[in-house]
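Below is one structure, written out as structure tokens; the observations come after it.
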Amino acid sequence: MKVAVMGTGYVGLVTGACLADAGNHVICVDVDERKVQMLREGHIPIYEEGLEPIVQRNVQANRLEFTTESAEAIQNSDIIFIAVGTPSDHDGSADLKYVLQVAATIADNLNSEKIVICKSTVPVGTCDLVRETIAKRTDTPFHVISNPEFLKEGSAVQDFQSPDRVIIGSSDSNAAETVGELYKPFMRRRDRIVYMDVRSAEMTKYASNAMLATKISFMNEIANLCDRVGADVEKVRAGMSLDERIGPHFIFPGVGYGGSCFPKDVRALSRLGAENDFLTALLNSVEDVNNRQKLRLVHDLKEHLGSLKGKTIAVWGLSFKPKTDDVREAPALVGIERLVSEGATVRATDPVALENAQEELAHLGDKVSFYKDEYETIKGADALLIFTEWNQFRSPDFKKMKEIMAAPVIFDGRNLYSTAKMREYGFHYDSIGRPTV
Ligand SMILES: NC(=O)c1ccc[n+]([C@@H]2O[C@H](COP(=O)([O-])OP(=O)(O)OC[C@H]3O[C@@H](n4cnc5c(N)ncnc54)[C@H](O)[C@@H]3O)[C@@H](O)[C@H]2O)c1
């Protein structure tokens, strides 16, 4: 099939590359000229395991193209994905300006009957808005389908090629079937396509993300309570996980959720409630708990040190989770902002997110310095805070760490080390929801 993907970010690029790899002809469009130029030269603008060879292979086979020219891409395709960002607006609602801009561009270049697929995460009713926007500008027939994306950064290619499920929301069964065909190559082991109406499809995406965010805030609340009553949340987690109704996934305590999806999607769902005269009490609490949890390490550190003024604090991990360079709403960035506002200077490292973090934290000037090497980062530090559970942080050389830090103090937001061992090594070691021995 001939496919255009509008927006070549984390979702658009993976979608375009994987669909091309299944034999379709795909044109990926982006307004960011630098990004398009990089991709044309075979470089991937994001860090995502396994993506580069797929892009290179399909560019070479002439199945995958990158352009800034929307008109040509739309005119030459039968199926057009909208995969642009839907960031939080000032009131927490999803900002639909990019989605509606693309809808207008599609309308203005609609030269035959086409299927428009909304892959961006959008509030219930947005596909109707996209339909109205296009219909106002053209008489050419078209279909709008909701097909939210569930891939996870860090395993995006694998998730797209072996999805847990593909949701297709449509009021037209033929159009829905055509989109189903597009996904057939990824359904060889088991058909996981779920067809439904458009509004339910839009809601499925938000409900899924909100459920996952709720699990995280729930476990963080339990962990914080464990701290106060002398229970060990890791033992509690192990005990809970064996209940098949609960399961082992997504019940790890930590420093809160971040990234480009959970925070904005929980906010947008709350906002959707408010707009419809409905109080989303649970979701509001999920967000409150998360906002507090993001500052937990800094709060605990301050309690330990008395004051952060003049202190040098090292930070390991800047991306919102391992295996991605995405730092949007990352707990580490929130923590660093607070450390600096409390008078500390920060030395930070991350295996792949340094550049993005540097850009985001540029306003803090020389209060934050960045290092490639994790040991260089902790040189002379009064304490180390761990925000992201990158594998390389799991078994560090503790002896060396103790020698080069100004004080052997670690606040671990991901429960990476044994509390007993850390005591043996002579560290002051604090983690989330586990008694300090
Ligand atoms: N990142 C994820 O893990 C993930 C997972 C599932 C769903 N989503 C959803 O997918 C959507 C896209 O997310 P993302 O992380 O890929 O965003 P992103 O910011 O990485 O990419 C969006 C891209 O769209 C481009 N763009 C903006 N306006 C454009 C236009 N008029 N024409 C063409 N391109 C345009 C931007 O330049 C950018 O490159 C969001 O709604 C998000 O919530 C994201």
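Cβ from N, Cα, C; glycine included.
No curator has checked TrEMBL annotations; they are predicted automatically.
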Select one of Lys114, Lys205, Lys367, Lys372: the residue that TrEMBL places in the substrate site alongside Phe150, Leu151, Lys152, Glu153, Phe250, Ile251, Phe252, Pro253, Gly254, Gly258, Lys321.
Lys205
With Asp30, Lys35, Thr86, Thr121, Glu153, Arg328 listed by TrEMBL as binding NAD(+), identify the candidate in Lys264, Lys399, Lys400, Lys402 belonging to that site.
Lys264
Enumerate in sequence order the recorded positions Ile251, Cys261, Arg328 whose Cβ-atom distance to ligand 1 is under 6 angstroms.
Cys261
What binding-site residues among Lys35, Thr121, Ile251, Arg328 are found with a C-alpha within 10 angstroms of that of Cys261 (active site, nucleophile)?
Thr121, Arg328
When neighbour density is defined as the number of other C-beta atoms within 10 angstroms of a residue's C-beta, which of the binding-site residues Pro253, Gly258 has the lowest density?
Gly258
Measure from the Cβ of Lys152 (substrate binding site) and count the other Cβ atoms within 10 Å, all protein chains considered.
16
Please give the average pLDDT for the domain 'UDP-glucose/GDP-mannose dehydrogenase C-terminal' (314-419) in this predicted model.
98
Counting other Cβ atoms within 10 Å of each residue's Cβ, which of the recorded positions Ile251, Cys261 comes out lowest?
Ile251
